[in-house]
Amino acid sequence: MAELTISSDEIRSAIANYTSSYSPEASREEVGVVTAAADGIAQVSGMPSVMANELLEFPGGVIGVAQNLDTDSVGVVILGNFETLKEGDEVKRTGEVLSIPVGEKFLGRVINPLGQAIDGLGDIESEEERALELQAPSVLMRQPVEEPMQTGIKAIDAMTPIGRGQRQLIIGDRKTGKTSVCIDTILNQRDNWATGDPKQQVRCIYVAVGQKGSTIASIRKTLEDHGALEYTTIVAAPASDSAGFKWLAPFTGAALGQHWMYQGKHVLVIYDDLTKQAEAYRAISLLLRRPPGREAYPGDVFYLHSRLLERAAKLNDELGGGSLTALPIIETKANDVSAFIPTNVISITDGQVFLESDLFNQGVRPAINVGVSVSRVGGAAQTKGMKKVSGSLRLDLAAYRDLEAFAAFASDLDPASKAQLERGKRLVELLKQKETEPQSVEDQMVSIYLAGEGEFDDVPVEDVRRFESELLENLHATHGGVFEQIKGGTPFSDESKAELAGAVQDFKQGFQTTDGTPVINEPEARPLGDDEVTKSQITVSRKTQ
């Protein structure tokens with residue numbers, strides 16, 4: 001058995017190392033106590049130095065955001081499961097404001113408002129963070145909106161164009177296609193993403209507030225099936241989440257988008273929808289005992305939306321020239337755009353696309369009311385070619401709507417009014433589009449130009465969409481040079497116009513309508529003119545008996 005030996009030198013050396021590395025430290029920690037907790041709100045006492053919007057840590061890893069800073073207590077919005085909290089629980093300050101991780105790895109993922117992955121594909125690694133409450137870019141940091149943000153929807157790109165850095169409101173009753181318009185806009189960025197050019201690529205963020213979980217899953221599948229998920233991030237705060245999550249979700253989307261914008265990249269953020277965010281904020285404010293105002297909303301609900309939407313901008317070239325385009329969605333009741341939240345957001349944004357339930361029920365989809373919809377800054381971003389071909393489209397449609405209302409009561413119309421009415425019917429039919437089928441700007445220009453030239457006037461109304469689809473397919477196959485000439489929205493040249501006119505006439509010769517009749521009929525026989533007849537005298541001899 002080996003003998004145990006103790007070396008005094010080793011013991012002395014170990015003690016010396018331990019004492020030399022020891023440095024006395026005194027730390028101070030401010031803690032509070034929960035005095036009440038219910039409905040996602042906690043009242044905490046004993047934290048006199050807490051900051052507004054500071055993160056507080058509760059037992060079990062639950063966090064909250066300090067909102068009401070009263071003299072003797074703090075009103076805290078709980079983020080997460082508040083049912084485990086009870087009176088007497090200890091609360092610690094973190095000294096940090098609410099922030100989320102950001103970066104390229106968030107593309108293709110579904111996250112909650114805290115930036116945590118909820119799609120079952122593992123955690124998202126990120127070395128950067130960005131605060132949720134950030135100052136919007138100042139006036140000197142911006143430049144005018146001049147680049148188009150193509151939606152792929154003819155009615156929007158032609159009449160209410162959207163530019164990169166713009167805030168365009170999508171407003172309408174429930175079930176009028178508001179989300180579909182925004183999803184189609186995301187799908188239309190696929191070709192830009194495929195180029196690999198950072199100046200053309202658009203990163204998309206879809207913020208779902210207060211929707212059913214099944215609806216969010218369906219949207220994710222639609223994006224995945226069409227190859228759009230790889231450049232899209234979904235921020236989900238479904239109806240089952242607490243009011244705190246619904247309130248913060250749009251700010252999470254904005255923070256993620258601003259990170260890319262300040263890197264000189266282009267971003268599209270869709271807030272679906274801000275009505276539910278306002279309702280969640282109203283619930284939080286009432287539970288915090290803040291004084292209610294109109295429709296029981298707190299006095300700062302306008303500031304809630306303005307500070308969010310002001311983050312959309314087109315930065316100047318010194319800051320990289322990045323942009324953040326915002327498409328907020330607002331749900332109305334009975335098409336009432338004069339309610340509190342709709343009027344607030346209309347006054348904040350740069351224009352609105354108004355979707356009407358009556359048009360939707362008539363089969364006009366997207367159900368855009370041209371008379372109420374407007375884009376205040378997008379006109380400068382519209383391509384020159386589209387601006388030329390669609391110049392009179394809005395007026396033609398508005399005149400058609402007026403004439404249609406008049407024709408319902410008038411017994412007889414003059415030929416000019418009848419022709420205008422017939423062309424209006426075909427324009428309405430031409431502007432209809434199926435979901436998840438956005439059109440390129442070149443296809444839109446060709447369709448609208450030909451409609452303006454009257455090439456659809458002799459096509460039956462029920463065949464207009466099929467005629468357009470088959471015509472574009474034929475033109476791509478046989479006259480691809482026209483599309484190359486107008487690529488990117490360049491105006492039509494005289495040669496392209498002449499080529500199109502001939503190509504359409506050739507196509508009409510073989511097009512069969514639904515009832516089997518050709519669009520161009522054989523001309524009716526006409527009597528010969530005097531100059532076309534050769535006159536000669538015929539001598540008739542008669543036999544005499």
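Glycine too: its Cβ is placed from the backbone N, Cα and C atoms.
Sequence-distant neighbours of ASP173 (ATP binding site) (same chain, 6+ residues apart, CB-CB distance under 8 A): GLU331, THR332, LYS333, ALA334, ASN335, LEU355, GLU356, SER357. According to its DSSP assignment, ASP173 (ATP binding site) is coil. The ATP binding site annotation in Swiss-Prot covers GLY172, ASP173, ARG174, LYS175, THR176, GLY177, LYS178, THR179.
All protein chains included, SER373 (site 'Required for activity') registers 22 other Cβ atoms within 10 Å of its own Cβ. Summarising the annotation, Swiss-Prot assigns site 'Required for activity' to SER373 and lists sequence analysis as the type of evidence.
As annotated by Swiss-Prot, region 'Disordered' applies to 511-545.
As annotated by Swiss-Prot, compositional bias 'Basic and acidic residues' applies to 523-534.
Per Swiss-Prot, the feature compositional bias 'Polar residues' maps to 535-545.
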Pairwise Cα distance for THR179 (ATP binding site)/SER373 (site 'Required for activity') [Å, integer]: 17
Inter-residue C-alpha distance, LYS175 (ATP binding site) and SER373 (site 'Required for activity') (nearest angstrom): 18
GLY172 (ATP binding site) CB neighbourhood, other CB atoms within 10 A: 28
ATP site shell beyond GLY172, ASP173, ARG174, LYS175, THR176, GLY177, LYS178, THR179, criterion: Cβ within 8 Å of Cβ centroid: GLU331, LEU355, SER357, PHE360
Separation of alpha carbons, SER373 (site 'Required for activity') and GLY172 (ATP binding site) (Å): 11
